[in-house]
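Some features that TrEMBL has for this protein:
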type	residues	note
ACT_SITE	Ser72	active site
ACT_SITE	His97	active site
TRANSMEM	33-50	transmembrane segment
TRANSMEM	56-79	transmembrane segment
Amino acid sequence: MPIGVPKVPYRIPGDEEATWVDLYNVMYRERTLLLGAWLISGMAIFDTMQTVTPDIYTICLGITICLGIAASMASFILLGGEPTKRIAFPHARIMLHQPASAYYRARTPEFLLEVEELHKVRKMITRVYAVRTGKPFWVVSEDMERDVFMSAEEAKAYGLVDIVGDEMIDKHCD
């Protein structure tokens, strides 16, 4: 059984040959960012996207794109993209659900504090979804009660994305 972080061959800019580099270093150098799962970290990314002056971009200036699946916190971050510039590819899936906490072993008072904090976070996230999509708070709240998977078209109708299709990227990336 291997011990430690996996290493992969990678040619560092300026070097003649590829060397074995740990996977996390390669992901950092390639600017690969995997999003989802962690509530507070995801909310921090969302808040940062809302406060920076230039549009947030992934492939080109001002566009937030869903490739494959945007589930959980990734759908929340997708929602935080610049309005009118949130794209989902035709076969993308977007999943909306309520925040969850891992199984927690603690004494009752600590557990109750955890539940109370999770309830506050859920209300904050629901409020953001409601404001950004234009849906009533109660509709978003009911939709978050279970995992709701949407196609790109359904996500557009819901207000999570603005554009469906890859042909629009060329139009916005002049």
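Placed from the backbone N, Cα and C atoms, the Cβ positions cover glycine too.
Looking only at the active-site residues Ser72, His97, the densest Cβ neighbourhood within 10 Å occurs at Ser72.
Between the C-alpha atoms of His97 (active site) and Ser72 (active site), the distance comes to 6 Å.
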